[in-house]
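K.L.:
Per TrEMBL, the features are:
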- Ser573, Arg578, Ser741, Asp785: L-glutamate binding site (BINDING)
- Cys799-Cys853: disulfide bond (DISULFID)
- 495-850: domain 'Ionotropic glutamate receptor C-terminal' (DOMAIN)
- 504-562: domain 'Ionotropic glutamate receptor L-glutamate and glycine-binding' (DOMAIN)
- Arg548: site 'Interaction with the cone snail toxin Con-ikot-ikot' (SITE)
- Leu717: site 'Crucial to convey clamshell closure to channel opening' (SITE)
- Lys747: site 'Interaction with the cone snail toxin Con-ikot-ikot' (SITE)
- 608-633: transmembrane segment (TRANSMEM)
- 653-672: transmembrane segment (TRANSMEM)
- 684-709: transmembrane segment (TRANSMEM)
- 874-900: transmembrane segment (TRANSMEM)
Amino acid sequence: MLASPLCSITPSQTVPGPLCEPLSTLTCSRGLDLEAVPTQGLDHLMALSLVPCYGHPQPCRILARIGHTVRLGALLPLAGHSQTRIQNVLSRISRSSLLPYNLSLEVVSGAPKERDPASLARWLCQVLVAQGVAAVLAFPQSQEELLQLEFLSSFLEIPFVSILEQEQIVALSTKNPFHLQMDMRSSVDSLIEILNSVLQNNSWEELAVITCHPWESTIILDYLTTNTSIQTHEIYNIHSLDDAAVEIYLHHHFDAIKNPQMPLLLHGCDAQRSSLVFQAAKDNRLEPLEFHWLVGQPLNVEEMQTDGLPPGLLAYGEVSRPSLETFLRDAVGLVTKAISKAVQVRPDLALIQTMINCNDKQTSQNESSGMYLSRYLSNTSFTGQTGHIYVMDNNLVHTDHHYKIWSLVRDSVGQPTWVTVGGWHEGKMEVEEGLWKNRIKKRDPVLVVTPRTKLRVVTLVEHPFVFTREVDADGSCPAGQMCLDPRTNNSALLDLLFEELNSPNSSVPMEYKTCCYGYCIDLLEKLSEDLGFDFELYIVGDGKYGARKGDHWTGLVGDLLSGAAHMAVTSFSINSARSTVIDFTSPFYSTSLGILVRMRDTASPIGAFMWPLHWSMWLGIFVALHITALFLTFYEWKSPFGMTPHGRNRMKVFSYSSALNLCYAILFGRTVSSKTPKCCTGRVLMNLWAIFCLLVLSSYTANLAAVMVGEKTFEALSGIHDPKLHHPSQGFRFGTVWESSAEQYIKKSFPEMHGYMRRFSVPSTSDGVQMLKTDPPILNAFIMDKALLDYEVSIDSDCKLLTVGKPFAIEGYGIGLPQNSAMTSNISEFISRYKSSGFMDTLHDKWYKMVPCGKRVFAVTETLQMGIYHFSGLFVLLCIGFCGSLLTSLGERIVYHLVLPRIRRRRRFKYWLHTSQVG
């Protein structure tokens, strides 16, 4: 019987190699029972199964020999926080499955106590080489240590990947195939490419340089002086001059470079030296427009300043620099991918290391395992977490870096601020055309006054972000911005309408004109001032945010995709579906989804007058009253001074009926003729009962008004996961706005809920709120952005609206732009500045003014009117009392005519006065 083999059957004499064993010695977990196969059948089977040995799917003997483990060495920095951090990262990476054949990756890490050449070589041989590591990751801390690794890697013939993190370390430009270097910093080649791209995009062909001569200046200056496309007129080196000498030197040479068309490159100077240069230019009466200033070295975006810098200054710097963990993952990925490819061809060389003893180095002519793996390392490329990874010039590992190019401009209030005018990524310059061209035009003295870019902005009415009001009689907007409501998204028709609107004799129908104002309009006006663009505004034709319908998009998204609008500004939620087809700026408002319900006033039931006190309290009062009356009677009849026949010949008798009458009179505070006890003990007990009744009656009265008015009830929904929403009862209706972010979220997350609620969805938020407020309400709950619902609650004059449940689906509002728009990053930067400066808080306070109802505080002048229906229970109780009194009167007649005569005739019932009402 033929089993599925883990090792292919190949005659030993066919292809030599470590996997090709004679059939008699081939050992696998599963294979052929050779004794059960006839000789001729065996020959035929061997002929059919003749396959190349190197294509073996499982190198069994080699895997068993190495224990299914590939070891990767790591030479860590000296003990400290950095060493612990790297060890933790490598531990996480080693747990990932990165190798074929279910091979596991074991990281052998450590650091020698001393870093001199002898100690480093001894530690590598004893700790890493002896354990058969395939490659070594190193983190050199100095230039000398990097040179040591260069020689040791060449001697050991083991691939080293040095990750350069320290600023003072310069990558080596040798051709050693065993030593790869991954630089976490910006390479000089990249800086030269960026500088060249900036010069070309500005059409600058001549240049003057002021340098403070850091280490990389020589390379860059060599490039500038040897590049035939750029003519470097002068290079002024102020590195060796003190501050006083710098001022004299620059004053002397500034006249020679006073050419308004020639840029001046300031390279390698710190903030202090740069200030001296700019101050010297100012003292020399050089206007900012006369020079194109350019900073030659990359700046740190967190440390960029504006004080004392000339407008129009160009600078660049790296943004979103990857972390050490990201570089580590890519370095390990480079090694593991090279091993994965190498093991497919020569698993013996890829997995079994030839160098395991530094004192017994093999000098044979055969290729070593390290040399074999280094060839694959040099030819491996992949897309890692830092970008496209590959090896350049045999020893430099390429990683991607992202750069931004900034220009210093003045905002709407005249303050200097940095704006992004371009970017550089993967060797390509990405220019934000409008801003770059405006910057160049403003720098040109002939073209100082230029028309601003006009953008077409689409919006959607949502309070408080966008309001509308009618235009004046003359068709103008004294407050707010003029916007069109054409009820169409046809680009050609919009062009005609705006062209006609901007003409001197406009004939646009008045019903198309409206005035827009609100939170987003204020934000749009601020961006227009700071970024230097004009805009024309219109309301989206179909009144929708936008969703995919077949092969096209509707609403705001559709207008951006069709080119009808350049920008969408409203309460525009950022979600994954929209982000795949358009760009969003960073959020200017953070919100979530919420549930809006309506409160209902319910009349009190018949027994509502008893609600202020619990039934146990009513029972306690009734029992306490009768016990008190009993004790009053007992004390009075046992006292020699009581109101009894034995107490000083009283003419009246204090009976149990008299005690009950007194206790009820005190409880309800009524003034009636009643007998009071004469003994001291009875009077003390009577006053204690009066105190008890006072406290009970006060508590009852305090709670009575609130109870008698009735309850404010509402749909108690805990959130989006409430069973009422997932399993709605008959008559329970809830909805949201068509094609909104809320509907898309519910449709994606809860399809069954969406199928039920879509019949109750509405065109806009205001429609949903009105359906909640009707009598009877058409909707029981309305789901929408909490930012919009909170505003509706705050302006509800009847205080009938309330948001309930936990917020869900956290989202943000952003400005929508077409994909790859040049203005996306710039608008995002300004939004971040507005948040930092407090401008966004000012907008929120302006448009979210909370009225008293919004804070759930009732006005002082509001009265609680209680109608007869509030006291219906008391009227019923009074009617029951009338009926009861008739029965009591009948009972008295029966007692008087039938019971009393019999009592009087019997002597033993002579003393019955303690229960009688006589006397």
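Placement of Cβ uses the backbone N, Cα and C atoms for every residue, glycine included.
Bear in mind that TrEMBL entries carry predicted annotations, made automatically and left uncurated.
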K.L.:
Please give the greatest C-alpha separation between any two of the L-glutamate-binding residues Ser573, Arg578, Ser741, Asp785, in angstrom, as a whole number.
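P.N.:
Binding-site diameter by Cα atoms for L-glutamate: 17 Å.
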K.L.:
Pop the Cα-Cα gap between Leu717 (site 'Crucial to convey clamshell closure to channel opening') and Arg578 (L-glutamate binding site) into the table, whole Å please.
P.N.:
30
K.L.:
Taking the Cβ of Lys747 (site 'Interaction with the cone snail toxin Con-ikot-ikot') as the centre, how many other Cβ atoms fall within a 10 Å radius?
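P.N.:
Around Lys747 (site 'Interaction with the cone snail toxin Con-ikot-ikot'), other Cβ atoms within 10 Å: 16.
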K.L.:
In angstrom units, rounded to an integer, how far apart are the Cα atoms of Lys747 (site 'Interaction with the cone snail toxin Con-ikot-ikot') and Ser741 (L-glutamate binding site)?
P.N.:
10
K.L.:
Compare the C-alpha of Leu717 (site 'Crucial to convey clamshell closure to channel opening') with the C-alpha of each of the recorded positions Arg548, Ser573, Ser741, Asp785, Cys799, and give the closest one.
P.N.:
Asp785
K.L.:
Give the distance between the Cα atoms of Ser741 (L-glutamate binding site) and Arg548 (site 'Interaction with the cone snail toxin Con-ikot-ikot'), rounded to the nearest whole Å.
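P.N.:
Arg548 (site 'Interaction with the cone snail toxin Con-ikot-ikot') has its Cα 12 Å from the Cα of Ser741 (L-glutamate binding site).
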K.L.:
Please name the residue among the recorded positions Arg548, Arg578 whose C-beta has the most neighbouring C-beta atoms within 10 angstroms.
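P.N.:
The largest 10 Å Cβ neighbour count belongs to Arg578.
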K.L.:
By CA distance, which of the recorded positions (Ser573, Asp785, Cys799) lies nearest to Arg548 (site 'Interaction with the cone snail toxin Con-ikot-ikot')?
P.N.:
Ser573
K.L.:
How many Å separate the Cα atoms of Cys799 (disulfide bond) and Ser573 (L-glutamate binding site)?
P.N.:
28
K.L.:
Which of the listed recorded positions (Leu717, Cys799) has the least company, meaning the fewest other Cβ atoms within 10 Å of its Cβ?
P.N.:
Cys799
K.L.:
Around the L-glutamate site recorded as Ser573, Arg578, Ser741, Asp785, what other same-chain residues have a C-beta within 8 angstroms of the site's C-beta center?
P.N.:
Tyr545, Ser571, Phe572, Ile574, Asn575, Ser740, Ala742, Gln744, Glu811, Tyr813
K.L.:
For the domain 'Ionotropic glutamate receptor L-glutamate and glycine-binding' (504-562), what are the DSSP-based totals of helix, strand and coil residues?
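P.N.:
Computed counts for the domain 'Ionotropic glutamate receptor L-glutamate and glycine-binding' (504-562) are 24 helix, 16 strand, 19 coil.
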